[in-house]
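To start, the structure under review is shown below, and the notes come after it.
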Amino acid sequence: MVLLRVLILLLSWAAGLGGQYGNPLNKYIRHYEGLSYDVDSLHQKHQRAKRAVSHEDQFLRLNFHAHGRHFNLRMKRDTSLFSDEFRVETSNKVLDYDTSHIYTGHIYGEEGSFSHGSVIDGRFEGFIQTHGGTFYIEPAERYIKDRTLPFHSVIYHEDDINYPHKYGPQGGCADHSVFERMRKYQMTGVEEVTQTPQEKHANNGPELLRKKRTTSAEKNTCQLYIQTDHLFFKYYGTREAVIAQISSHVKAIDTIYQTTDFSGIRNISFMVKRIRINTTADEKDPTNPFRFPNIGVEKFLELNSEQNHDDYCLAYVFTDRDFDDGVLGLAWVGAPSGSSGGICEKSKLYSDGKKKSLNTGIITVQNYGSHVPPKVSHITFAHEVGHNFGSPHDSGTECTPGESKNLGQKENGNYIMYARATSGDKLNNNKFSLCSIRNISQVLEKKRNNCFVESGQPICGNGMVEQGEQCDCGYSDQCKDECCYDANQPEGKKCRLKPEKECSPSQGPCCTAQCKFKSKTEKCRDDSDCAKEGICNGITALCPASDPKPNFTDCNRHTQVCINGQCAGSICEKYGLEECTCASSDGKDDKELCHVCCMKKMEPLTCASTGSEKWKKHFLGRTITLQPGSPCNDFRGYCDVFMRCRLVDADGPLARLKKAIFSPELYENIAEWIVAYWWAVLLMGIALIMLMAGFIKICSVHTPSSNPKLPPPKPLPGTLKRRRPPQTIQPPQRQRPRESYQMGHMRR
């Protein structure tokens, strides 16, 4: 008994530690690790970066180890997300807000990596894109409350996000009936009869306008107005955290849209022009349209649309509300012509007599009582903006591969504009389908010149080597680089390599301070579970991609194997087997439900635990268990820390009752039974008629009637009581009460 208690305490302690594999963070995040770097040191670096005294201080460096690899972040203040006119409005105050806590950067020496986030009170929050996928970092107290922890932040990989509603009947966007009502309403907009000089010019000389467009800078940036309600502020706590969340969402969709070719229209980007933060103090403000706690998703979008948003490309409201049917967002769908709504739409009068701006949308970060991971919220934002850009939901086999019966296509998942929310871990989840690209390109061709602005060009002097630059060491008072011309030099010379210089340290870690490429033997990146250490190649300043370790090398604490440099294969593949799910059946030990199980290829009947006698020659009797939080029993439950499969009822009792009552199969079965047993139905009908006749006959004596020939109705209580024989009423004999009682008793 004592040993059992000690074991339980040890398991509970292990479950609470960060950095241990198999820690589920919530029902959507299956595994996380804790981070406990020095927050005071990072805060001091952040303060130095704000002042930017030297070239080195411009960059914020953060180093830590997690998920079996080293992160060496090199970041710089991100000003690309906010326009020159950016303002923050809160509680009737307009502020010229300092966004110096927003950073963007990369992993030093890892080509193609990218990071974005914020530094608040010495803690970094954001996402890091690597060759092995995207990692997310958030404050620990956002998930783990009322506990003393040895770490202050949590980090998890996108593959560990398990969003159960991604292919379910609920979750994500509104259903078809809602969009149909919205579409009909959009058709009722009354167009303004006045014509702007630009439109007159377009009508009088389209060829001239087309020529001017080709010679001038392209308008490809959509400016945003973002509002947050008091519930969103209540969840994140501070103004800095709210702006960090907005920045993270905008950067996420900016990355998706910039890398998409919309039929020749490229580099579509986003920039925040204005933010309105409704704090908890605004909850009682009568001028705050979002103050009420119980607002449906359609009404919430309508409240946003009732404001005038003519100065913006799009206007969104972020909230923390649990809308019905798992809706995460809603937006008006744009069209090239014939309908109002979408990007650049101006305020106009509609059939209900109200003026509205239909260049709007809403986003919530809560779903079915839990807060969704940032990855899901980012994809939702990209999805709703896709509606504004003119794309309806994907349909048809070409654009919904996740519904395909072909396993190869199904494995790639659905695209961004799929009707239901996705977890973002599939190949297609961050891409637009061909259907969406065709629709969006038509709307962009018609509308983007009405409100889009020119995008910011690469800036020489920001310390980051961008397109068109050979190097970038900053301005003259910051540049300590002997290899690169600083930003104060004339055009054609600044941000270029000096004569006879091979490289610049600003290009990457494989360049020396003497402007020479490092030799082929120098290390530029530490090794990981599945990749060898990075070695300079002697011909470039960037750290080349690391050579992968041999396929089927054990990784992830011997639970997986390396495939082409990524820890992505099952341990079963090492022995020519396939991973399978141990499902419960007669005679099967329920403990095996949380074991890693393998089977021979294309032979499901051979599925057995790694600890079984069948696979003893491969695993030597060693049982490999699934990680806590992993699905088990054919996805009908999840494994807890005690390696027990806990069954999950995803629908709930009310949903099951509704399905049982209104199921078409139920009525089909009843109809078949009636046809087969018609004589039983006839007997039941006769019995029911006789029962009703008897009931009427019995109750008729208690029913009042206006017929004077019928006896008066009998009272029902008197009928139900036990009757006694009638007695002659005599005056009470006070002197002999006991005798009267005895006589009555005898009569009975």
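The backbone N, Cα and C atoms fix where each Cβ goes, and this holds for glycine too.
Annotation source Swiss-Prot lists Zn(2+) binding site at CYS173, HIS383, HIS387, HIS393. The DSSP secondary structure for HIS383 (Zn(2+) binding site) is helix.
Among the features that Swiss-Prot reports, disulfide bond is placed at CYS344-CYS451 (among others), with the record citing similarity to another entry. Sequence-distant neighbours of CYS344 (disulfide bond) (same chain, 6+ apart, CB under 8 A from its CB) are CYS313, ASN359, LYS447, ARG448, ASN450, CYS451, PHE452. Classification of CYS344 (disulfide bond) by DSSP places it in coil, neither helical nor stranded.
Annotation source Swiss-Prot lists active site at GLU384. Applying an 8 A CB threshold to same-chain residues 6+ apart, the list for GLU384 (active site) reads CYS173, TYR316, GLY329, LEU330, ALA331, GLY361, ILE362, ILE363.
Sequence annotations record features per position, and here Swiss-Prot assigns N-linked glycosylation site to ASN439 based on sequence analysis. Sequence-distant contacts (6 or more apart, same chain, Cβ under 8 Å) of ASN439 (N-linked glycosylation site) comprise GLY390, SER391, PRO392.
A coil conformation is recorded for CYS495 (disulfide bond) in the three-state DSSP classification, outside any helix or strand. A simple way to gauge crowding: the CB of CYS495 (disulfide bond) has 26 other CB atoms within 10 angstroms, across all the protein chains here. Marked as disulfide bond by Swiss-Prot on the basis of similarity to another entry: CYS460-CYS495 (among others).
Annotated disulfide bond per Swiss-Prot: CYS471-CYS484 (among others), in sequence order. In sequence order, GLN470, CYS471, ASP472, CYS473, CYS495, ARG496, LEU497, LYS498, LYS501, SER504, SER506 constitute the residues six or more apart from CYS484 (disulfide bond) in its chain with CB-CB distances below 8 Å.
Secondary structure at CYS483 (disulfide bond), as computed by DSSP, is coil. Counting Cβ atoms from all protein chains shown, CYS483 (disulfide bond) has 25 others lying within 10 Å of its own Cβ. As annotated by Swiss-Prot, disulfide bond applies to CYS483-CYS515 (among others), with the evidence given as similarity to another entry.
The Cβ of CYS511 (disulfide bond) has 24 other Cβ atoms within 10 Å, all protein chains considered. Per Swiss-Prot, disulfide bond is recorded for CYS503-CYS511 (among others).
Residues or ranges marked as disulfide bond in Swiss-Prot: CYS510-CYS536 (among others). Taking Cβ-Cβ distances under 8 Å and a sequence gap of 6 or more within the same chain, the neighbours of CYS510 (disulfide bond) are GLY109, CYS503, PHE517, LYS518, GLU522, CYS524, CYS536, ASN537, THR540, ALA541, LEU542, CYS543. DSSP gives CYS510 (disulfide bond) a coil state; it is part of no helix or strand.
In the three-state DSSP reading, CYS524 (disulfide bond) counts as strand. Among the features that Swiss-Prot reports, disulfide bond is placed at CYS524-CYS543 (among others).
Around CYS567 (disulfide bond), a 10 Å sphere centred on its CB holds 23 further CB atoms from the protein chains shown. Residues annotated as disulfide bond in Swiss-Prot, with similarity to another entry given as evidence: CYS555-CYS567 (among others).
Taken from Swiss-Prot, the feature disulfide bond covers CYS572-CYS598 (among others), and the record attributes it to similarity to another entry. DSSP assigns CYS598 (disulfide bond) to a strand in the three-state reduction. Around the Cβ of CYS598 (disulfide bond), the same chain contributes SER570, ILE571, CYS572, TYR575, LEU577, GLU578, GLU579, CYS580, CYS607, ALA608, THR610, TRP615, HIS618, each under 8 angstroms and 6 or more positions distant in sequence.
Annotation source Swiss-Prot lists disulfide bond at CYS582-CYS597 (among others), citing similarity to another entry. The DSSP secondary structure for CYS582 (disulfide bond) is coil.
Per Swiss-Prot, disulfide bond is recorded for CYS594-CYS639 (among others), and the stated evidence type is similarity to another entry. When secondary structure is read from DSSP and collapsed to three states, CYS639 (disulfide bond) falls in the strand class. Neighbour list (CYS639 (disulfide bond), Cβ cut-off 8 Å, at least 6 residues apart, same chain): LEU593, CYS594, THR625, LEU626, GLN627, PRO628, GLY629, SER630, CYS632, CYS645, ARG646.
Of all Cβ atoms in the protein chains displayed, 23 besides its own lie within 10 Å of the Cβ of CYS645 (disulfide bond). For CYS632-CYS645 (among others), the entry in Swiss-Prot reads disulfide bond, with the evidence type similarity to another entry.
A Cβ distance under 8 Å defines the sequence-distant neighbours of the transmembrane segment (673-693), meaning residues of its chain 6+ beyond its ends; there are none. Per Swiss-Prot, the feature transmembrane segment maps to 673-693; the stated evidence is sequence analysis.
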In all the protein chains shown, the tally of other Cβ atoms within 10 Å of the Cβ of HIS393 (Zn(2+) binding site) is 20
Its Cβ having more other Cβ atoms within 10 Å than any other among the binding-site residues HIS383, HIS387, the winner is HIS383
In chain order, residues whose C-beta lies under 8 angstroms from the C-beta of CYS460 (disulfide bond), counting only those at least six residues away in the same chain, are GLU469, ASP472, ALA487, LYS494, CYS495
The number of other Cβ atoms within 10 Å of the Cβ of CYS582 (disulfide bond), counted over all protein chains shown, is 27
The DSSP breakdown of the motif 'SH3-binding' (708-715) into helix, strand and coil residues is 0 helix, 0 strand, 8 coil
Among HIS383, HIS393, CYS555, CYS567, CYS597, i.e. the recorded positions, the one with its Cα nearest that of CYS483 (disulfide bond) is CYS567
For CYS555 (disulfide bond), the nonlocal same-chain Cβ neighbours (under 8 Å, six or more residues apart) come out as GLY68, ASP529, CYS530, VAL561, CYS562, CYS567
For CYS582 (disulfide bond) and HIS383 (Zn(2+) binding site), the CA-to-CA distance in whole Å is 36
